[in-house]
Amino acid sequence: MGTLLALVVGAVLVSSAWGGCVEVDSETEAVYGMTFKILCISCKRRSETTAETFTEWTFRQKGTEEFVKILRYENEVLQLEEDERFEGRVVWNGSRGTKDLQDLSIFITNVTYNHSGDYECHVYRLLFFDNYEHNTSVVKKIHLEVVDKANRDMASIVSEIMMYVLIVVLTIWLVAEMVYCYKKIAAATEAAAQENASEYLAITSESKENCTGVQVAE
């Protein structure tokens, strides 16, 4: 168990040390009437390089063929296109307070079936080097399905089972440690009591012998 604890602590320390940008895929199933976050994370290859980034999101509704632009985010300004499907529903949830955007995620509030389809997060980044500038572009694609009720995926079920198993194992280990410590303390206490009793008997016996010797001398 000590080894397991050391591994957990080590993992936490390593993750804290890295502490950089990590690209994570977006969830792809939204529940009707709920708020849904569409992830778009695009990390720089070299964190020390200065950069400026902006994004444009496009959408192709399920059953249609063309992508249409729904928003642009640049210089901390969100520009929404006139589209009744997204009017009053899109909220910026990406990087703030910087022109070097790496998290370009958005929220869609009060999701409807009209939001089912394909999303594209276009990332345009300008990198500044000592003697030149370099433009890069990346497209993150997300397919979204809107459902009536959330369906738990296998990964979340397995994670929950593993969590409960770990709790049970830790509880059993803790109880075993407590029982072991209790028995050890009880044994030590009993040994100390026996030692004290032996010393008391020895002192009593010696006192009697001394008293007998005094009476004989008289």
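The backbone N, Cα and C atoms fix where each Cβ goes, glycine too.
Keep in mind the model is a prediction, meaning the values are calculated, not measured.
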Candidate set ASN114, ASN196, residue annotated N-linked glycosylation site in Swiss-Prot: ASN114
Cross-link partner of CYS121 (disulfide, per Swiss-Prot) out of CYS40, CYS43, CYS211: CYS40
Selected from CYS43, CYS181: Swiss-Prot disulphide partner of CYS21: CYS43
PLDDT averaged over every residue in the topological domain 'Cytoplasmic' (180-218): 70
Where ASN135 (N-linked glycosylation site) sits in the secondary structure, as DSSP reduces it to three classes: strand
Residues that sit under 8 angstroms from ASN114 (N-linked glycosylation site) by C-beta distance, when 6+ apart in the chain: GLN61, ARG85
